[in-house]
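Novice: Got a structure here, written out as C-alpha cells. Questions coming.
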C-alpha cells in the first residue's frame with residue numbers, strides 16, 4: 001500500500017491550482033479530487049487536465065467518495081464563511097483539514113515553529129494563518145526563542161496582481177488573523193499586522209518586514225544566529241525565501257527585511273505570497289503523512 | 001477660469017497630515033487649541049488621527065504621543081460647529097478601529113487606498129456609509145493613475161457607498177493640467193449628488209494652483225492645512241486657500257483673518273522646522289514619492305550615510321506606495337552595502 005495520503009483540494013482558484021501543481025510533485029501527498037461549485041470553472045478544467053477528478057457540486061458532492069477513495073486530508077482554499085461547514089463535514093469522516101482560509105477554527109500552523117506539535121497531536125483542523133503570517137511569524141519566533149518579545153509587528157507588501165477579490169473584500173481578516181498569530185505562534189505579547197498592495201509594473205516580489213521590540217536589550221549575536229537558522233528552515237520548503245537586510249538593531253527594536261520569490265507554479269514568481277501559503281500547507285500535510293507512516297500517530301480508523 | 005459664487009467645503013489637515021511633520025507627537029492640548037481656533041474661524045471639517053490613519057501607531061510609521069481614541073475624545077466635544085473626521089487606510093486600520101472612532105463622536109471618515117486599489121476599501125466604506133457617517137473614498141497617489149483608471153476606481157468607491165470621492169496628490173507631483181484632467185473626468189462620471197474633493201501637497205509649489213484647478217474642474221471639497229502643516233512641503237495652506245478663493249469670489253465660510261492668526265500664533269510656533277519646499281520635499285514632488293517618506297529618508301541618511309535624495313529617487317523608481325516606510329531603511333542598508341563593496 002502506498003504511504004501517500006490521498007487528498008482533496010476545495011476551491012479551484014489561484015491558491016487551489018498552485019497547491020495542486022505542488023502536490024503533484026509530493027512524495028507524501030497525492031491529489032485525487034478538486035472540488036468547486038461551478039462546472040464551467042476554469043479551475044476545475046485545469047484540474048482535470050492535470051489528471052485529478054473534478055467535483056462541481058461543492059463539498060457535499062465529495063462526501064460519498066471519501067471512504068471509497070480513502071481521502072485522508074483536505075485543503076480548504078475557499079472562504080472563511082464556507083470553511084466551518086466544510087471542515088465539520090469532512091472531519092466527521094475522519095479527514096484532516098488544512099485550512100487556507102482566514103476562518104481559523106483550528107490552531108494556527110506555522111511549519112517551522114509549531115507544525116511538529118500539531119502532527120504529534122493529530123490535530124484534525126489546522127489553520128495556515130495568512131501569506132504575511134507564513135512569511136513573518138517564523139522571524140518573530142526566531143527572536144522570541146532567544147528572549148521575550150514585548151511587541152511584534154509585520155508589514156507585508158504584495159503585488160496587486162497576486163491579491164484576489166476575496167482578500168480585498170475582507171482585508172481586515174488579514175490584519176486581525178495575522179496579528180493574533182504573531183502573538184499565539186510568534187510569541188510576541190502584542191502583535192500588529194499591516195498589508196500593502198502595490199500595483200507597480202512589472203510586479204514587485206513579495207516583501208515582508210518584521211519589527212519586534214524585545215524586553216530589555218536585544219542579544220544581538222544570539223538573535224542574528226537564530227534568525228539565520230530560521231531563514232534556512234523556511235528555505236527548505238520555500239527556496240525563494242530570502243533575508244535581504246538585517247537583523248537591524250536600534251535600541252530595543254529589531255528589524256528584519258525579507259523577500260519571498262515564488263516557484264512560479266501557477267502565478268508568476270513575484271507572487272511569493274501565494275507560494276508560501278501553498279508550500280506551507282503542503283508541508284503540513286506531508287509531516288502528518290510521515291508521522292502516520294512512521295507510526296507516530298494513527299489516522300482515524302476506517303472499517 | 002471662473003469659480004465665482006462656487007461653494008467650497010474646506011477640510012483641515014494640520015491635525016492629521018500635520019502629524020507626519022510632527023512625528024505624530026502633537027499634544028492633546030495643542031490639538032484642542034488648534035481645532036477650537038479653527039472651529040471659531042468657521043472651518044467646517046477638521047481631521048484628527050495619526051498621520052497614517054486609525055491604527056497607524058506602529059514601529060513602521062511611529063507611535064503617536066497619544067492614541068487616536070484619546071485625541072478624538074478630547075477634540076470632538078470641544079467643537080461648536082466644526083465636524084471631526086478620521087482617516088482610515090485599509091490594511092493598516094480596521095472596521096473595529098472605525099467603530100472606536102465612531103464611539104468618540106466622529107462625523108465622517110475618509111477611507112484611503114492607493115489610487116488603483118479601491119476594492120480594498122469595500123468593507124470599510126460599506127460599514128461607514130451604513131452608520132450614516134459622511135463617507136469619503138480617498139484615492140491616494142492619484143498621479144499614478146490616468147483619468148480613465150481613476151474614474152473606474154472612483155466609481156467603485158461610490159458603488160460601496162461613498163458620498164464623496166477625493167483625488168489625492170499624496171506626492172505633490174501633479175501640475176494643474178493633471179488635476180484638471182482627472183477631476184473633470186471623475187466629475188463627469190460620478191452621480192451628480194456625489195461630492196468630489198482634492199487633497200494637495202506643496203512639494204512642487206503647486207498646492208494652491210492645483211486646488212484652484214480642482215475647483216474649476218468641478219471639485220467642491222478641498223483639503224488644506226493651517227500654515228501648511230503636513231507631510232513633505234506640507235499641504236496647500238488653509239489660510240492661503242481662504243484668501244485666494246475669496247479673491248476669486250468663491251465661498252468657503254472661513255474667516256480669513258481668524259485663520260491666518262491661527263497659522264501665525266498657534267501652528268507656526270509648534271513646527272519642528274519650517275514647512276517649506278526644501279531639497280527633500282522638492283525631490284518628493286519631482287520624483288512622485290509619498291510625502292511622509294521625507295523624515296524617514298532623512299533619518300536613514302543620518303544613520304547609513306546614503307543621501308536622502310538618492311533614497312527618495314530610487315523609492316520613486318521602484319514604485320513604492322503609501323505605507324511602505326519600511327522600504328526606506330531596507331533600501332538604505334542595501335545602498336550603503338553596495339557603496340562600501
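Numbering starts at 1 and runs along the chain as it is shown here.
Heads up, the Cβ atoms here are built off N, Cα and C, so glycines get one too.
Those TrEMBL annotations? Automatic predictions, nothing curated.
What TrEMBL records for B:20 is active site, proton acceptor. Taken from TrEMBL, the feature substrate binding site applies to B:16, B:17, B:170, B:199, B:290. Positions annotated as Mn(2+) binding site by TrEMBL: B:17, B:199, B:201. Summarising the annotation, TrEMBL assigns domain 'Pyruvate carboxyltransferase' to B:8-260. As annotated by TrEMBL, site 'Transition state stabilizer' applies to B:16.
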Novice: Whose Cβ lies within 8 Å of the mean position of the Cβ atoms of B:17, B:199, B:201, the Mn(2+) site, other than those residues?
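Specialist: Near the Mn(2+) site, the remaining chain residues are B:13, B:168, B:169, B:170, B:172, B:200, B:223, B:225, B:230, B:231, B:234, B:235, B:236, B:291.
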Novice: Which recorded positions (B:16, B:20, B:170) fall within 10 Å of residue B:201 (Mn(2+) binding site) by Cα distance?
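Specialist: Within 10 Å Cα-Cα: B:170.
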Novice: Roughly how many Å separate the Cα of the residue listed as 'active site, proton acceptor' from that of residue B:290 (substrate binding site), to the nearest whole number?
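Specialist: Roughly 11 Å, rounded to the nearest whole number.
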Novice: With every protein chain in view, what's the tally of Cβ atoms within 10 Å of the Cβ of residue B:20 (active site, proton acceptor), excluding that atom itself?
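Specialist: Its Cβ shell of radius 10 Å holds 26 other Cβ atoms.
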Novice: Name the secondary structure element type, per DSSP in three states, that contains residue B:170 (substrate binding site).
Specialist: coil
Novice: May I have the list of same-chain residues other than B:16, B:17, B:170, B:199, B:290 whose Cβ is within 8 Å of the Cβ centroid of the recorded substrate site, in sequence order?
Specialist: B:13, B:20, B:51, B:140, B:168, B:201, B:230, B:231, B:235, B:291, B:292, B:322
Novice: Give me the long-range Cβ neighbours of residue B:199 (substrate binding site): same chain, 6+ apart, Cβ under 8 Å, in sequence order.
Specialist: B:13, B:138, B:166, B:167, B:168, B:169, B:170, B:223, B:235
Novice: Count the other Cβ atoms sitting within 10 Å of the Cβ of residue B:201 (Mn(2+) binding site), across every protein chain shown.
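Specialist: Taking every protein chain into account, the count is 33.
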Novice: Which residues does residue B:16 (substrate binding site) neighbour through Cβ under 8 Å, counting only same-chain ones at least six apart?
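Specialist: The list for residue B:16 (substrate binding site) reads B:47, B:48, B:49, B:50, B:51, B:87, given in order along the sequence.
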